[in-house]
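Feature annotations, courtesy of TrEMBL:
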type	residues	note
COMPBIAS	254-267	compositional bias 'Pro residues'
REGION	254-273	region 'Disordered'
TRANSMEM	12-33	transmembrane segment
TRANSMEM	45-65	transmembrane segment
TRANSMEM	72-91	transmembrane segment
TRANSMEM	103-127	transmembrane segment
TRANSMEM	139-156	transmembrane segment
TRANSMEM	162-183	transmembrane segment
Amino acid sequence: MTRLLAAWRSRSALLTLGVLGVGWLAWPIWSSFTAPGRDALQAETPFLLAALLSLLAVLATSIWLDAGRRASVFGPVLLVALVDALVRMLLSPGGSGIEPVYALPLLAGAALGAPAGFLTGALAALASSVAMGLVDTPLVGQILVWGMWGAVGGFLRLLRPVVAWMVAVLACLPLGVLTGMALNITGWTGERDATTGGFLPGLPPLEALQRLVDYTLATSVAFDLTRAAVNALVILAVGLPVLRALRHTHGAPAPVPPASATPPPDVAPAALSRRHRSDTLTTLWNTPTTQEIE
């Protein structure tokens, strides 16, 4: 069975990507005075997408290396990402909050590990946006947010399937609200005239965060809670069989052969010849005398 290993390479790549991604998303909070405005952000989008795709390539390479250079490890990642992209294109109406597209990355992370879960969500967001012609400024934030759902699922990988399934359902509520804040922040710097929680450059981090929370509560919390409920219902309905199937076919540890089955090391013919000569000399030296025989 194929196993997506989350060893040090993929964990390090995911940690690097996560730190850079969260740092970029939170830029208007930790340095509101220097955060780019809407026009500047739109101009920088191609470069940001190129940098993000490069980091995703590094993550994919690290997963491949950790899995013993087997391309088959990407089978479940691509399959789940494709299904999730189709779900978005066929079933997601957009701004109503009915977005059942975060459940599968979360389940992928719970079955395959955090690095593979992040890659699944990121690829699903990228593929669906390209197919729908939505390659625009919000795409960078969407790729990061979808990937984060998969990374969070990685924390459930060591739990039993039923426990992981129940925790995943409960995790949808906080993740749904945090998703709304993360998606809001990408365009928040252009909302300086908002009546509640508008962006003000130069504020300390805590005050900027409070204004973002106020802005989210005033503009999108209803959609965010709807998003959380929809994905929780999806996981409640199909999460357990999907999780078990992914773990059974792709997430189970590979069997370790017993020690007795390990073949003996090859011995060179020259070494065998030297060993034979040594045994012969030992026999000659140990030949008993006539007195010892008597």
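Counting begins at 1 with the first residue displayed.
Cβ atoms here come from the backbone N, Cα and C positions, even for glycine.
TrEMBL labels come from automatic prediction, so no person has curated them.
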Same-chain residue ranges lying at least 6 outside the transmembrane segment (72-91) that approach it to Cβ under 8 Å: 2-4, 60, 63-64, 99-101, 104-105, 107-108, 111-112, 116, 119-121, 123-124, 127-128, 131-132, 246, 249-250
Residues from the same chain, set at least six apart from the ends of the transmembrane segment (162-183), whose C-beta lies under 8 A from its own: 25, 102-103, 106-107, 110, 138, 141-142, 144-145, 148-149, 152-153, 156, 212-213, 216, 220-221, 223-225, 227-229, 231-232, 235-236, 239-240, 243
Spatial neighbours of the transmembrane segment (45-65) far in sequence, C-beta under 8 Å, 6+ residues away: 4-5, 9-10, 12-14, 16-17, 20-21, 24, 71, 73-74, 115-116, 118-119, 122-123, 126, 135-137, 139-140, 143-144
